[in-house]
Amino acid sequence: TLYFIFGIWSGLLGTSLSLMIRTELGQPGSLLNDDQLYNVIVTAHAFVMIFFLVMPVMIGGFGNWLVPLMLGAPDMAFPRMNNMSFWLLPPSLTLLLSSAPVESGAGTGWTVYPPLSSNLAHMGPSVDLAIFSLHLAGISSIPGAINFITTIINMRWEGMMMERLPLFVWSVFITAILLLLSLPVLAGAITMLLTDRNFNTTFFDPSGGGDPILYQHLF
């Protein structure tokens, strides 16, 4: 229920951002009169919709509710881990929203692309807040994925083979596995970006021997 409430609230927020984007694009002149502000709205809209609407509602809400029902299990394998997974999301959303009013906001597109988010183009804490927000959202989804995989493998009714599972359970299972495979790569990319910005490393800076294309590959 908490996942649904959180998802609905974030969805309303994301929809309001979406309406601003549509209004800006749906008329000949400029509505906001500020390209940077428009980019900030696009960036925030993408993050809010993916990490705080689709994932909590589809996986957190429907997943936690329907998967145990479809398996004949009394609950998820690790209910407390589920709880921990949820309570990392509100601070993550808070960090993302606080990145918008700080300085000129993180208007880098939803990938937080390095040339745009270098310390020259984006000085100060705005992009860093967006990156920390991504970290928290990622950390939140890892225990959730482990929980789903463990539940589906270990908590089926006796006699319920894997090939008899409903397709919804299979879809959650495969999604969780793919999430665990892909998240460390994304975490590595944004951690390297964070150190590039704050500790003068040159993972993505060609002048220091780094590779500017590497980030796109990782992402």
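Cβ atoms here come from the backbone N, Cα and C positions, even for glycine.
Long-range neighbours of the transmembrane segment (2-22) within the same chain, counting only residues 6 or more positions beyond its ends whose Cβ lies under 8 Å from a Cβ of the stretch, are 31-32, 38, 41-42, 44-45, 48-49, 52-53, 56-57, 60-61, 64, 86, 89-90, 93. Feature annotation from Swiss-Prot assigns transmembrane segment to 2-22 (among others).
Mapped onto DSSP helix, strand and coil, the topological domain 'Mitochondrial intermembrane' (23-39) counts 8 helix, 0 strand, 9 coil. Taken from Swiss-Prot, the feature topological domain 'Mitochondrial intermembrane' applies to 23-39 (among others), supported by sequence analysis.
Sequence-distant contacts of GLU24 (Ca(2+) binding site), defined as residues of its own chain at least six apart whose C-beta falls under 8 angstroms from its C-beta, comprise SER30, LEU31, LEU32, TYR38. The Ca(2+) binding site annotation in Swiss-Prot covers GLU24, GLY29.
Swiss-Prot lists 40-60 (among others) with the feature transmembrane segment. Panel annotation: around the transmembrane segment (40-60), residues 3-4, 6-8, 10-11, 13-14, 17-18, 20-21, 32, 85-86, 89, 92-93, 96-97, 99-100, 104-110, 112, 130, 133-134, 137, 141, 144, 148, 172, 175-176 of the same chain, lying at least six beyond its termini, place a Cβ under 8 Å from a Cβ of the stretch.
Listed in sequence order, GLY14, LEU17, SER18, ILE21 are the same-chain residues six or more apart from HIS45 (Fe(II)-heme a binding site) with CB atoms under 8 A from its CB. Under the heading Fe(II)-heme a binding site, Swiss-Prot lists HIS45.
If you look up Swiss-Prot, you'll see 61-85 (among others) marked as topological domain 'Mitochondrial matrix', on the strength of sequence analysis. Helix first, then strand, then coil: DSSP counts for the topological domain 'Mitochondrial matrix' (61-85) stand at 18 helix, 0 strand, 7 coil.
Among the features that Swiss-Prot reports, transmembrane segment is placed at 86-106 (among others), with the record citing sequence analysis.
Annotation comment: Swiss-Prot describes 107-128 (among others) as topological domain 'Mitochondrial intermembrane', evidence class sequence analysis.
The feature transmembrane segment is assigned by Swiss-Prot to 129-149 (among others), with sequence analysis given as support. Residues of the same chain lying 6 or more positions beyond the ends of the transmembrane segment (129-149) and with a Cβ under 8 Å from any Cβ of it are 43, 47, 51-52, 55, 59-60, 63, 67, 76-78, 81-82, 84-86, 88-89, 91-93, 95-96, 98-99, 102, 106, 108, 112, 172-173, 176-177, 179-180, 183, 186-187, 190-191, 193-194.
Look at the topological domain 'Mitochondrial matrix' (150-166): DSSP puts its residues at 8 helix, 0 strand, 9 coil. As annotated by Swiss-Prot, topological domain 'Mitochondrial matrix' applies to 150-166 (among others).
Among the features that Swiss-Prot reports, transmembrane segment is placed at 167-187 (among others), with the record citing sequence analysis.
Per DSSP, the topological domain 'Mitochondrial intermembrane' (188-219) is made up of 19 helix, 0 strand, 13 coil. Sequence annotations record features per position, and here Swiss-Prot assigns topological domain 'Mitochondrial intermembrane' to 188-219 (among others) based on sequence analysis.
Its own atom aside, the Cβ of GLY29 (Ca(2+) binding site) has 6 Cβ atoms within 10 angstroms in the protein chains shown.
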